[in-house]
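A short worksheet on the structure shown next.
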Amino acid sequence: MDIRPNHTIYINNMNDKIKKEELKRSLYALFSQFGHVVDIVALKTMKMRGQAFVIFKELGSSTNALRQLQGFPFYGKPMRIQYAKTDSDIISKMRGTFADKEKKKEKKKAKTMEQAAAAANKKPGQGTPNAANTQGTAAPNPQVPDYPPNYILFLNNLPEETNEMMLSMLFNQFPGFKEVRLVPGRHDIAFVEFENDGQAGAARDALQGFKITPSHAMKITYAKK
């Protein structure tokens, strides 16, 4: 009997020598191009080695990922992908994380409401200038200088765990991709070379702001000639 499409996909036939954290980071980088990844479950027990679950927020994302990445060479082995027999909440409950996530959400909501109530109870003259000042300074948005179109892209704001394979998996889906060059001693920057300016530009536009990890949005500019 076929397994019905759901938000969670099951992956096996992966290289079981890869460390759990590196595996999860690489899976996130690969699968989040298809949509919002809620969670990745990779257990290092003997029974679960070389296997993982990727949980998407949208059903369409899991379907696209399954179709596009079936047989994708991942750390030297073709991935086998199918829909999971159980959906995301069940897996989260198995791991004991579902209730914790809900508690955190409720705590955050309660704290926000408390802060709003405290602000509303202040005297009219209080807090307003400070709030304005906070808004003016809290969220600076520094612009990354860009250079004229070039066949080489410059990446920055990369997380410490970035490796050549993670970046290659992201960029080799674009026509004209040639290679990724990391900078010795610098984990936060890299260069990606394409065959021409136009192909580099297409990849730049598509992956601008892509989050390799949830806290690091990649910044892409043309490299200086």
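Each Cβ is built from the backbone N, Cα and C atoms, and glycine gets one as well.
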Residue from Lys19, Lys111, Lys122, Lys211 to which Swiss-Prot assigns N6-acetyllysine: Lys111
Integer Å distance between the CA atoms belonging to Lys111 (SUMO2 cross-link) and Tyr151 (phosphotyrosine): 48
Where Lys111 (SUMO2 cross-link) falls in three-state DSSP terms: helix
Residues of the domain 'RRM 2' (151-225) by DSSP state, where helix covers H, G and I: 19 helix, 30 strand, 26 coil
C-beta crowding around Lys111 (SUMO2 cross-link), within 10 angstroms: 10
DSSP-assigned states of the domain 'RRM 1' (7-86) in counts, ordered helix, strand, coil: 29 helix, 23 strand, 28 coil
